[in-house]
Amino acid sequence: IPSVSSIVPESCLLIVVGLLVGGLIKGVGEKPPILKSDIFFLFLLPPIILDAGYFLPLRPFTENLGTILIFAVVGTLWNAFFLGGLMYAVCQLGGPGLNHIGLLANLLFGSIISAVDPVAVLAVFEEIHINELLHILVFGESLLNDAVTVVLYHLFEEFASFEQVTILDIILGFLSFFVVSLGGVLVGVIYGVIAAFTSRFTSHIRVIEPLFVFLYSYMAYLSAELFHLSGIMALIAAGVVMRPYVEANISHKSHTTIKYFLKMWSSVSETLIFIFLGVSTVAGHHYWNWTFVISTLFFCLIARVLGVLVLTWFINKFRIVKLTPKDQFIIAYGGLRGAIAFSLGYLLDYKHFGMRDMFLTAIITVIFFTVFVQGMTIRPLVDLLAVKKKQETKRSINEEIHTQFLDHLLTGIEDICGHYGHHHWKDKLNRFNKKYVKKCLIAGERSKEPQLIAFYHKMEMKQAIELVESGGIGKIPSAVSTVSIQNINPQTLPLERVLPALSKDKEEEIRKILRTNLQKTRQRLRSYNRHTLVADPYEEAWNQMLLRRQKARQLEQKMNNYLTVPAHRVDSPTMSRARIGSDPLAYEPKEDSENLPIITIDPASPQSPESVDLMSEEPKGCSGLPPSPEEDEEGLVMRVKEPSSPGTDDVFTPGTSDSPSNQRMLRCLSDPGPRPEPEEGEPFIPKGQ
């Protein structure tokens with residue numbers, strides 16, 4: 001029913017299904033099953049976290065890691081202590097039913113209910129298609145606050161059994177946060193490296209390649225939980241570390257298997273979790289206290305809003321892309337609680353916490369309110385506030401290449417400035433990865449030669465085999481002579497050969513190869529020095545050629561305009577010379593022009609009509625000086641053009657006739673105007689023009 005699913009999130013519908021199933025089981029007289037914490041933490045939660053960690057968008061996650069950590073660590077600590085302290089005050093003022101609940105029990109309750117749940121966030125945020133920044137901030141916070149939740153939960157649980165809590169216990173508890181979080185990450189990195197190393201040797205057993213990914217990831221989670229470390233952090237670290245190396249080693253079919261199996265597994269787990277939440281609500285023992293439940297709900301919302309506002313005010317002082325008030329509202333409104341809080345509350349011991357049923361009732365109320373009310377209203381609010389949505393289309397190769405180019409540019413700017421930002425350290429990590437880690441964890445030639453070249457060889461070999469099979473052996477290029485043609489049986493060529501279209505996997509592989517290889521790092525380039533910049537001769541020649549073409553076009557237009565004017569009946573000597581230079585074959589001297597010198601041009605000589613400089617053919621006496629005897633004997637003087645330099649246009653080589661004065665002379669030659677009277681005795685072209 002699309003109309004229902006567009007309004008109500010899937011998680012809400014699954015909880016309703018669980019409530020109906022639980023009510024039906026209870027109505028029949030049977031006892032409904034309860035979501036046990038062991039089943040939840042050991043079997044239902046790991047697939048969801050592994051799916052999130054393995055396909056984590058690494059670039060936005062690393063770019064916003066500081067913001068995510070502040071929200072996850074400081075924000076969760078603030079929520080836990082603020083909520084625990086206020087609930088302790090409510091218990092002291094709330095009457096006889098709440099007086100016996102101490103400070104440690106309220107702090108433990110605050111630590112359980114304060115953490116944002118990754119399962120609930122994934123279920124709701126995947127449906128509203130929020131932009132990448134907000135999604136990764138809320139989802140990253142829900143993943144990384146697991147370490148804080150685990151530490152506070154076990155800390156207050158241990159303190160509840162102590163007779164007296166000393167300052168040393170508090171200091172050790174503070175240090176245990178670093179042990180739990182960093183220890184979980186370390187366990188995940190170790191298993192991720194082992195999984196990547198194992199995938200080097202699976203080329204002959206492709207069927208079980210996906211099994212190693214699931215096996216080592218699950219072992220990382222179990223190993224972390226065994227030592228009370230953060231299992232969620234271990235799973236995320238394992239998925240992030242193993243993915244690039246495993247994908248380079250395994251086949252495309254194994255990659256597809258991992259992708260779809262993880263999606264299916266996490267989807268099934270998510271469905272079971274929300275259905276079990278509904279069933280457990282009907283089946284569990286509840287103790288309803290209006291004061292405690294309503295105060296919990298109210299203070300949860302207040303703590304979340306205050307925490308986001310204060311932390312964002314501090315974070316925006318250091319962020320380049322500031323978090324707007326709309327972003328802050330969505331982050332605060334997206335703090336959903338879910339099954340992790342319920343399972344942690346279910347784990348409480350009756351012996352130390354006799355108020356466990358009241359805690360569970362309040363936790364379920366908060367979960368239902370956040371999932372139903374906030375989950376159902378966040379989509380209309382996103383549309384109402386016009387919050388930027390996620391891009392549905394993939395980024396083009398052009399965008400990805402330019403993004404990587406800008407990364408290299410920013411790294412270079414950081415190096416020049418001497419400021420070691422995250423671009424600098426990311427570049428150092430990439431170099432270390434290419435130089436050492438890839439050689440150990442990636443099999444064969446893929447670790448040495450660039451992926452683009454390897455892919456080209458692969459496509460070339462495939463094309464050669466297809467040519468041999470189709471009978472076109474003569475068309476095989478020499479580069480593929482390594483193919484053993486004798487072992488390939490030629491097949492008959494079909495009547496109409498249809499070229500296969502690229503599959504989505506192949507297109508994605510080409511996209512990935514181009515993205516990672518077309519923009520190499522800057523170590524190839526020479527270091528920048530403003531004193532040793534070399535000018536490019538071809539660039540200057542090209543600019544001159546373009547200018548020359550533009551001038552020639554303008555001159556041609558003007559010549560066409562001038563040629564519309566009819567020429568004078570009697571040709572002047574200058575016009576005769578111009579005609580001879582432009583087209584000597586078509587021009588025949590008039591009868592009355594016997595006094596003019598005749599130019600005889602040999603077609604085989606290098607001096608073509610174009611090489612005659614018309615400006616040098618001035619009649620003697622025009623320069624204002626008496627002609628010398630040598631000039632009398634020589635007649636017309638022809639000047640040969642200099643040979644053009646390489647890289648320039650032979651037709652449009654800049655010559656002496658490019659100056660404005662020479663262009664004006666050409667115009668005059670084309671349209672000389674009224675002929676002066678012979679008795680004036682003045683030259684046609686006045687001196688100085």
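Please read every residue number as a count from 1 along the shown chain.
In case you wondered, yes, glycine gets a Cβ from its N, Cα and C as well.
These figures come from a predicted structure and were not determined experimentally.
The annotation transmembrane segment is assigned in TrEMBL to 6-25 (among others).
Per TrEMBL, the feature domain 'Cation/H+ exchanger transmembrane' maps to 8-382.
What TrEMBL records for 37-56 (among others) is transmembrane segment. Sequence-distant contacts of the transmembrane segment (37-56) (same chain, at least 6 residues past either end, Cβ-Cβ under 8 Å): 118-119, 122, 139, 143, 213-214, 217-218, 221-222, 225, 231-232, 235-240, 242-243, 258-259, 262-263, 265-266, 268-270, 272-273, 276, 339-340, 343-344, 346-347.
The transmembrane segment annotation in TrEMBL covers 68-91 (among others).
What TrEMBL records for 103-124 (among others) is transmembrane segment. Long-range neighbours of the transmembrane segment (103-124) within the same chain, counting only residues 6 or more positions beyond its ends whose Cβ lies under 8 Å from a Cβ of the stretch, are 9-11, 45, 48-49, 52, 76, 79-85, 87-88, 91, 138-139, 141-143, 145-146, 148-149, 152-153, 156-157, 159-160, 232, 270, 273-274, 296, 300, 303, 334-341, 344-345, 348, 353, 355, 359, 362-363, 366-367, 370-371, 375, 378.
Beyond the transmembrane segment (136-156), the same-chain residues lying 6 or more positions past its ends with a Cβ under 8 Å from any Cβ of the stretch are 49, 52-53, 57, 60-61, 64-65, 67-69, 71-73, 75-77, 80, 104, 107-108, 111-112, 114-118, 121-122, 125, 173, 176-177, 180-181, 184, 228-233, 236, 330-331, 334-335, 340, 344. The transmembrane segment annotation in TrEMBL covers 136-156 (among others).
Annotation comment: TrEMBL describes 168-198 (among others) as transmembrane segment. Counting residues 6+ beyond its ends, the transmembrane segment (168-198) has Cβ neighbours under 8 Å at 147-148, 150-151, 154-155, 159, 162, 212-213, 216-217, 219-220, 223-224, 227-242, 245-246, 249, 440-441 in the same chain.
As annotated by TrEMBL, transmembrane segment applies to 218-241 (among others). Here the transmembrane segment (218-241) has Cβ contacts under 8 Å with residues 41-42, 45-46, 49-50, 52-56, 58, 118, 143-144, 146-147, 150, 154, 179-181, 183-193, 195-196 of the same chain, all six or more residues outside its ends.
Among the features that TrEMBL reports, transmembrane segment is placed at 262-284 (among others).
Using a Cβ-Cβ cut-off under 8 Å and counting only residues 6 or more beyond its ends in the same chain, the transmembrane segment (290-316) has close neighbours at 66-67, 70-71, 74-75, 78-79, 82-83, 86-87, 90-91, 94-95, 98, 109, 113-114, 322-323, 327-328, 331-332, 335, 337, 358, 361-362, 365-366, 369. Feature annotation from TrEMBL assigns transmembrane segment to 290-316 (among others).
What TrEMBL records for 328-347 (among others) is transmembrane segment.
The transmembrane segment annotation in TrEMBL covers 359-382 (among others). Panel annotation: around the transmembrane segment (359-382), residues 7-9, 11-12, 15, 109, 112-113, 120, 123-124, 127-128, 130, 277, 281, 284-289, 292-293, 296-297, 300, 329-330, 333-339, 341-342, 345-346, 348, 353, 389 of the same chain, lying at least six beyond its termini, place a Cβ under 8 Å from a Cβ of the stretch.
Residues annotated as domain 'Sodium/hydrogen exchanger regulatory region' in TrEMBL: 479-564.
The annotation coiled coil is assigned in TrEMBL to 504-531.
Sequence annotations record features per position, and here TrEMBL assigns region 'Disordered' to 585-689.
Taken from TrEMBL, the feature compositional bias 'Polar residues' applies to 654-664.
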Next item on the list: May I ask for the residues of the chain that lie six or more residues beyond the transmembrane segment (68-91) and have a Cβ under 8 Å from a Cβ within it?
Entry: 61, 98-99, 101-103, 106-111, 113-116, 136-137, 140-141, 143-145, 148-149, 152, 291-292, 295-296, 299-300, 303-304, 306-308, 311, 314-315, 331
Check: What residues in the same chain, six or more past the boundaries of the transmembrane segment (6-25), come closer than 8 Å to it by Cβ-Cβ distance?
Finding: 31-32, 120, 123-124, 127, 270-271, 274-283, 368, 371-372, 375-376, 379
Check: Who are the chain neighbours of the transmembrane segment (328-347) in space, where the CB to CB distance is under 8 Å and they lie at least 6 residues beyond its ends?
Finding: 34-37, 40-41, 44-45, 71, 112-113, 115-121, 124-125, 130, 134, 137-138, 146, 149, 153, 273-274, 276-277, 280, 300, 304-305, 308-309, 312, 356, 359-360, 363-364, 366-367, 370-371, 374-375, 378, 381-382, 385, 387
